[in-house]
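K.L.:
Okay, these came from Swiss-Prot:
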REGION    1-551  region 'Interaction with ZNF318'
MOD_RES   Ser61  phosphoserine
MOD_RES   Ser75  phosphoserine
COMPBIAS  197-207  compositional bias 'Polar residues'
MOD_RES   Ser237  phosphoserine
CROSSLNK  Lys367  SUMO cross-link
CROSSLNK  Lys485  SUMO cross-link
REGION    516-883  region 'Interaction with LPXN'
REGION    556-883  region 'Interaction with CCAR1'
MOD_RES   Ser615  phosphoserine
DOMAIN    633-864  domain 'NR LBD'
SITE      Lys685  site 'Interaction with coactivator LXXL and FXXFY motifs'
CROSSLNK  Lys810  ubiquitin cross-link
CROSSLNK  Lys812  ubiquitin cross-link
Amino acid sequence: MEVQLGLGRVYPRPPSKTYRGAFQNLFQSVREVIQNPGPRHPEAASAAPPGARLQQQQETSPPQQQQQQQGEDGSPQAQSRGPTGYLALDEEQQPSQQQSALECHPESGCVPEPGAAAAASKGLQQQPPAPSDEDDSAVPSTLSLLGPTFPGLSSCSADLKDILSEAGTMQLLQQQQQEAVSEGSSSGRAREAAGAPTSSKDSYLGGTSTISDSAKELCKAVSVSMGLGVETLEHLSPGEQLRGDCMYAPLLGGPPAVRPTPCAPLAECKGSLLDDSADKGTEEPAEYTPFKGSYTQGLEGESLGCSGSSEAGSSGTLELPSTLSLYKSGALEEAASYQSRDYYNFPLALAGPPPPPLPPHPHARIKLENPLDYGSSWAAAAAQCRFGDLASLHGGGATGPGSGSPSAAAASSWHTLFTAEEGQLYGPCGGGGGGTSEAGAVTPYGYSRPPQGLAGQEGDFPAPDVWYPSGVVSRVPYPSPSCVKSEMGPWMESYSGPYGDVRLETARDHVLPIDYYFPPQKTCLICGDEASGCHYGALTCGSCKVFFKRAAEGKQKYLCASRNDCTIDKFRRKNCPSCRLRKCYEAGMTLGARKLKKLGNLKLQEEGEASSATSPTEESSQKLTVSHIEGYECQPIFLNVLEAIEPGVVCAGHDNNQPDSFAALLSSLNELGERQLVHVVKWAKALPGFRNLHVDDQMAVIQYSWMGLMVFAMGWRSFTNVNSRMLYFAPDLVFNEYRMHKSRMYSQCVRMRHLSQEFGWLQITPQEFLCMKALLLFSIIPVDGLKNQKFFDELRMNYIKELDRIIACKRKNPTSCSRRFYQLTKLLDSVQPIARELHQFTFDLLIKSHMVSVDFPEMMAEIISVQVPKILSGKVKPIYFHTQ
C-alpha cells in the first residue's frame, strides 16, 4: 500500500519495517532527502525501497550521474521538467559545492531551479524549492518551502502576517527568494556552458555518510515547534533504528482527528528557523517559547485568518498541498496490529507535554523516550517501546491500555523491561489484570509499589524492590494476645505453630528469601520471637519465660504508663512490663503449671513401675501429693490472672462543653456501652476455663450478662474515684444529681448509686471485687439450659470456691468467713434487679429512639433487640444465691 509522504514523495511501505511516532511522514521525507536522492518520476521512486536507492546512489560516480542525466532527453534543460524537488540541507559545503548543488540532476536529490519548478508546476505536482545556502541568515523557513510560485503567498491576509510576528518578515522572505532565483539561473547557465559536473554524492552529503548539521537542526526545529523533546535528537546516530520518531495520530476506531489550521505550525517553523543562531546548543532555545504560546492560543479558538482545504475557494486564505500531511491514515495496513494503542490528537501534542499530574483524558499522555536509556543491546527495540509511560513513575495518574499480565502486554504495545542486574519484570499498569497502584506506579503482579521517581536524569530506573508472585504466602504475625491456654486440655502437645503446615511451591530462588524454604518455626505467644518450648503452660521464648517467673513470684506491682494496650513484640517487649505480664496471663501462663507438669510426669512414672497394690504408706503419700497440688492452686495465682486481664479505662467520647440534654446524655451512654462491650468480650475470653465452654454457650453467657457486668464495674469505679457520691460511668461522663434527672432514668441511677455505696459499707477489697465480677458472668442462663450445661455448672462452682478461698485467706474464724460469704453473695444478687430495670429502660428507649433522637450503635441495637426480649419475657433468668 502506498502512503503519501510529507514533501510530496510516494513511498511504498516495505513489509519488514514499521514506523511509529509523531509526524512520521515529515521526518521520513527529510530522511529520504538526506540519504536517498531518488529519481525524478514517481514511478521510479516507487520501484525500489529507500535503502536500495541510497546504495545505488553511493555506487554511482559523479561522471556516470552526469552521463545518465544527459542521456535521458539529450538536453541539460531537461531538469526543468522534474516533478519533484528537494532541499539542500548541508550548510558546511564549500562554495563550489554550494553552487553545484543548485543545479538538479535526475539521480540526485538536489533542488531544481525556481524558474524551472514554476514551469513544471503546470502539469505535475508542485514541490518547494530551496533558497541559496550562501548566507546563514537565509535558512529556509516553512513559508519559503512553498516557493515563490505558491498562490497563497502573495495573497496572505494581514491576520496571518500578525501571527508571523510582523509584516516585514514576509517581505524579507520574498526578497530572498527573488535573489535566489536570479543567482541560481545565472550560475546554472554558466556551469552548463563550462560542462562542470552538477551533482555528486560528496557534494550532496558533504563528503560523509552522516546526517548534516542543517538536517539535524531542521529536525530539531520542527520537533521544538511541535512541542516534542529535543534531547533525543541530540544523541541520535544515523542508524534507522535509533530514530526517536513519535507518532501523534487519532485513536484507531475513534472519531477522526480535526486537522489544525496550517498557519500556526508555519508560524512556529518560521520563527524557530529564523531565530536559530549559528552556534547550536543541546538545549531548547528560549526563542521557541513565544511561538509555542501563540500557537496554543490559536488552538483555543483564535481566528488565524486562514483555513484548510474546505475553504480553498475563499480569497485571502493560505492553502497547503494535499500531500503535506502530518497525520497517519486510519486505513493503514498495520491498523489491525495496533488496536490497543492510544494515539493522541495533534493540537494537544503541539501544546507541549502537560504538567503533572496528568489529566484523565485518554489523549492526555505525551510519549517521550530516549534511545540511550536502553543501551546498545536495546538499539533495535528502542523505537518500538512507545508506551514507556514514564509519567506514571513520577506519581502521575495516567495508566496505559492493556492488562497487567506479561502476555497481555506483549499482545499490545506495552513492552517489558528488565534491569541488567536484577532481572526483575516491569510490566504495565494493568487495567484489568492486576491491582491498582496508590500513586499510579507500575504494578506487574497486582501489587502496589511505592511510588518513586527516576533514578537520574538519564532515565535509568531505580533498583527494583522484591516483588513476590501472587501465589506466595506471606508470613503471618504471631497470634492475637487473646489466645489463652486452656486449663482443661494439653493443647500445646499438638501445636503446629501459627503458620500451620505451609508449603511454598510457586516460589522462585531469586525472588524469595532463604527463610521461606525452611519449615515454619513456632513463635512465642508473648513477643513473637522464636519459641524455645512450653514454659509455665504456654509456648514462649526463653526471655518471656524468665520474665514471667520473676514478675509472678516477685512482690513488685507494675503499672502501665499508657492505656494498658502497649505493643509487645520482639523489639519492644521490655518497654512495658505491665502489659507484658498481662499478655503472659492472657496466654495462660501460671506458676503452678510447671509444678503440675512435673508431678504429672512423676505420677505416670510411678504408675508404670508399680504393678502391685499400693501400701498404706504409699496411699498416704499420694494423698499428701494431691493435697499439695490442691494447696498449690492457691488464690494468689488466680488473682494475678484476674488482675492482668482486667480492662482498662474506657472513655465515652462525650462533649462536656455542650449543654446537657436527654438525647446527648443517652447517646453518649449507648456509645460507652458498645465500647465497654468490646472489652467485656476480650476479658471473658481471657478468663480461666471460659474457652472450654461451647462456642454458643460463650456467646449466650456474654449477651445475657453484659448489663450486670457493666453496672457492677461502674459501681466499683464510683466507689474508688468519687466515693459513691456520683455515678462514674467514664472519665468524661460522670452523672451528678442534675444529669440523673436530665437523663429521665433517675430511679435507676439511684439504685446504681446505692450499689456503689454498698462497696464502701461492706469494705469490698479489690481481690473480692475481681472474683465477684468473674462469678457474675456465670449467673444468668436460659431456662432451657445451655448446650453443655454440666460443664457450665462445674465452671461456676469452681469460681464460687475461689471466692470462698479468697475470703478464707483473710479470715481465720470460720464464722466470720461464712458471714462474709453471705454478704458478698447478697451483693451479687442485688445486681440482677438493677440490670433487669435497665434492660427494660433500654428496650423502651430503642423503640422510641427515632422520636427522641437517641443514637444506638449497631452492636448495641442488635443485642437489645434480640437478646433483651428473652430476659424480659422470662426465657432467660438469673441464678440467685438466696431466695428472693
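Including glycine, each Cβ sits where the backbone N, Cα and C put it.
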K.L.:
Quick one: give me the count of other CB atoms within 10 A of the CB of Lys685 (site 'Interaction with coactivator LXXL and FXXFY motifs').
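P.N.:
The answer is 17.
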K.L.:
Check the DSSP secondary structure of Lys685 (site 'Interaction with coactivator LXXL and FXXFY motifs'), expressed as helix, strand or coil.
P.N.:
helix
K.L.:
Which whole-number value in Å describes the distance between the Cα atoms of Lys685 (site 'Interaction with coactivator LXXL and FXXFY motifs') and Lys810 (ubiquitin cross-link)?
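P.N.:
Approximately 29 Å lies between the Cα of Lys685 (site 'Interaction with coactivator LXXL and FXXFY motifs') and that of Lys810 (ubiquitin cross-link).
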K.L.:
Have a look at the recorded sites (Lys810, Lys812) and report the one with the fewest Cβ neighbours inside 10 Å.
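P.N.:
Result for the recorded sites Lys810, Lys812: minimum number of other Cβ atoms within 10 Å at Lys812.
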K.L.:
Taking the domain 'NR LBD' (633-864) alone, what is its mean pLDDT?
P.N.:
92
